[in-house]
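Some features that TrEMBL has for this protein:
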type     : residues                                                                        : note
ACT_SITE : His255                                                                          : active site, proton acceptor
BINDING  : Tyr25, Arg165, His255                                                           : glyoxylate binding site
BINDING  : 78-80, Ser107, Gln128, Tyr130, Thr156, Lys231, Ser253, Arg258, 286-290, 309-310 : FMN binding site
DOMAIN   : 1-360                                                                           : domain 'FMN hydroxy acid dehydrogenase'
Amino acid sequence: MELITNVTEYEKLAKEKLPKMVYDYYASGAEDQWTLKENREAFSRILFRPRILIDVSHIDMTTNILGFNVSMPIMIAPSAMQKMAHPEGELATARAAASAGTIMTLSSWSTSSVEEVNSVGPGIRFFQLYVYKDRNIVRQLVKRAEMAGFKAIALTVDTPRLGRREADIKNRFTLPPHLVLKNFEALDLGTMDKTNDSGLASYVAGQVDRTLSWKDVKWLQTITSLPILVKGVVTAEDTRLAIEYGAAGIIVSNHGARQLDYVPATISCLEEVVREAKGRLPVFLDGGVRRGTDVFKALALGASGVFIGRPVLFSLAVDGEAGVRKVLQMLRDELELTMALSGCTSLREITRAHVITDADRIGRSRL
């Protein structure tokens, strides 16, 4: 295999290796896929203002996330059904995250259970939660995650209905017959029916609670002592409400551009959320990160860290645990180099003054 020199190269190799239905499920976005492209392109419009003649012989990338020390501000986002990519699925991803000294977030719709993921050994892990219509299922799932040593709940709030993912409709996407949604297997909710469109869309319509509202964030706090991250906030208004309702953190996310098309890129929403948060809770970025330079840009705009999704899936498909390890190492190495070339020796030295955005350029043109 040709030497892989950056994260993006894994996608092409994964496309060659995976069945079309699986690759399309991982890679595609909603409707016209404008936001899918914009999640990447928006990063390219943010430019650097590097500082020079600073001693960068030692670079410290360690940080603290919700009280947990991690090796770098790059964490793994929840991605469903990872055994479609590789037989070891989420177990390989969990091992890779632990070896890199960072956090993995397990999807509710994983093909390995919370208990199985816990069994791979020590590691800091968060659990992503979809709220089902049957709240007893939610109670059980959260309790199981707690018992399995998960350290936080990432509540997905942008999916009262599944976005229109036309690739999945064309492919009549469903979970391959040898796999189940392991966390729901004992509840007879672990499989999807084959339908004339997307089997996942039908599953969501049948199970996920469309009445989910802010009061349910409070309700969750009554059933768990774990901190709750609200995943899917993109506006100042919802930032205010997240704080009001006791969220421990915010993940700025548009669900990998898989829900509402023509929302801005997450990196374009980040600063609005950070300004409203005013340091009262940490804000994280999810979506479009493919380079260490992207990570630096997110940190400069106020993020406490970033989550990566598709790079994990594609590297997992190509080379299992070793692939995920390599993606994490490449992003780490690129971030370290970006920091050195920008004159930053620690994460706290990365400031808003290190980047120029479209808004900055417009502001300067008016002066």
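Glycine too: its Cβ is placed from the backbone N, Cα and C atoms.
Overlay of TrEMBL annotations on the structure.
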| residue | record | Cβ contacts under 8 Å, 6 or more apart |
| --- | --- | --- |
| Tyr25 | glyoxylate binding site | Met81, Met84, Arg165, Ala167, Asp168, Asn171, Phe173, Leu200 |
| Pro78 | FMN binding site | Thr105, Leu106, Ser107, Ser108, Phe126, Gln128, Ala154, Thr156, Lys231, Gly309 |
| His255 | active site, proton acceptor | Thr156, Asp158, Thr159, Gly163, Gly232 |
| Arg258 | FMN binding site | Ser28, Gly29, Ala30, Leu36, Gly163, Arg165 |
| Gly288 | FMN binding site | Asn39, Arg40, Ala42, Phe43, Ala265, Thr266, Ile267, Asp294 |
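Each residue in the domain 'FMN hydroxy acid dehydrogenase' (1-360) has a pLDDT score, and their mean in this model is 94. For the recorded glyoxylate site, residues Tyr25, Arg165, His255 set the reference point as the centre of their Cβ atoms, and the other residues of that chain within 8 Å of it by Cβ are Ser28, Gly29, Ala30, Leu162, Gly163, Asp168, Leu200, Gly256, Arg258. Neighbours of Arg165 (glyoxylate binding site), defined as other CB atoms within 10 A of its CB across all chains, total 25.
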